[in-house]
Amino acid sequence: MKIALGSDHGGFRLKSEIIKHLKNKGIEYNDFGTLNEESCDYSDFAVQVAEAVAAKEYDFGILICGTGIGISIAANKVPGVRAALCSDTFSAHATREHNDANILALGERIVGAGLALDIVDTFLNSKFEGGRHQKRIDKIADIEKKYCK
Ligand code: RB5
């Protein structure tokens with residue numbers, strides 16, 4: 001499994017914890033930045049991770065900012081991306097099972113590191129259920145086709 005990671009300054013510390021966690025588990029990853037806690041713009045990192053995930057260069061993306069909101073909004077502008085902001089483990093498995101989410105977004109100022117790592121594990125270990133959910137994903141793709149020209 002290959003993971004694309006990105007954050008702004010507001011998510012840098014949590015991203016560092018997630019990197020340690022992925023390393024411990026032997027999961028391959030690439031950190032697209034930011035590389036320190038200097039103020040920067042979350043959209044710059046969201047777009048890099050989102051494009052790499054949409055191009056299927058990675059299995060999943062993980063994006064972190066202060067709230068997880070800005071970075072997930074930005075990532076969801078890239079066609080083919082379904083970024084889900086999760087602050088609990090139920091949402092983390094439900095969004096994989098029902099929405100086939102390909103990017104997990106987290107807010108460093110919202111969830112503690114312990115919960116965040118459980119959310120990461122839950123997200124990465126859950127599977128899309130297909131069936132009735134596929135039709136709904138296809139309708140999201142139709143919206144992209146209508147507006148993303
Ligand atoms: C940065 O201060 C903060 O606005 C950003 O990390 C994020 O929370 C935006 O949604």
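The count begins at 1 with the first shown residue.
Glycine too: its Cβ is placed from the backbone N, Cα and C atoms.
Under DSSP, Gly70 (D-ribulose 5-phosphate binding site) is assigned to a helix (H, G or I) in the three-state scheme. Cβ-based neighbour count (10 Å, all protein chains) for Gly70 (D-ribulose 5-phosphate binding site) stands at 20. If you look up TrEMBL, you'll see Asp8, His9, Gly66, Thr67, Gly68, Ile69, Gly70, Asn99, Arg109, Arg132, Arg136 marked as D-ribulose 5-phosphate binding site.
DSSP assigns Cys65 (active site, proton acceptor) to a strand in the three-state reduction. Contacts of Cys65 (active site, proton acceptor) defined by a Cβ separation under 8 A and a same-chain sequence distance of 6+ are given as Ser7, Asp8, Gly10, Gly11, Tyr42, Ile71, Ala105, Gly107, Glu108, in order along the sequence. As annotated by TrEMBL, active site, proton acceptor applies to Cys65.
His98 (active site, proton donor) falls within a helix when secondary structure is assigned with DSSP. Cβ neighbours of His98 (active site, proton donor) (same chain, under 8 Å, six or more residues apart in sequence): Glu129, His133, Arg136. If you look up TrEMBL, you'll see His98 marked as active site, proton donor.
Only Asp8, Gly70 of the recorded positions listed as Asp8, Gly68, Gly70, His98, Arg136 bring a Cβ under 6 Å of any atom of ligand 1; the order follows the sequence.
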